[in-house]
Amino acid sequence: MKFTLFSVLVVLLIATFVAADDCPRICTADFRPVCGTPSGGRRSANRTFGNQCSLDSHNCLNKGDTYDKLHDGECK
């Protein structure tokens, strides 16, 4: 009984930490490129992301290095 209760508490604790991170980590492999431009006036080159999900994931995981969608397709 104690082991079962302990196991349930561990699972709930893990689920809480996983739920706190809402960043998409797994994106589909479909190649629908989008061109991103650095947010906030940073002076760096535009960057091509494999798809919108990849751009969103990058922005979520890298708060100080975000990109705005410039247009569909690869950056020129």
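Glycine is treated like the rest: Cβ placed from N, Cα and C.
Swiss-Prot lists Cys23-Cys60 (among others) with the feature disulfide bond. Under DSSP, Cys60 (disulfide bond) is assigned to a helix (H, G or I) in the three-state scheme.
Taken from Swiss-Prot, the feature disulfide bond applies to Cys27-Cys53 (among others). Cys27 (disulfide bond) is surrounded by 15 other CB atoms, counting those within 10 A of its CB over all protein chains shown.
A coil conformation is recorded for Cys75 (disulfide bond) in the three-state DSSP classification, outside any helix or strand. Around Cys75 (disulfide bond), taking its Cβ as the centre, 15 other Cβ atoms fall within 10 Å, counting all chains. Look at Swiss-Prot and you will find Cys35-Cys75 (among others) tagged as disulfide bond.
The feature domain 'Kazal-like' is assigned by Swiss-Prot to 22-76.
Feature annotation from Swiss-Prot assigns signal peptide to 1-21; the stated evidence is similarity to another entry.
In the three-state DSSP scheme, Cys27 (disulfide bond) is classed as coil. Take the disulfide-bonded residues Cys23, Cys35, Cys53, Cys60: by the count of other Cβ atoms within 10 Å of each Cβ, the lowest one is Cys23.
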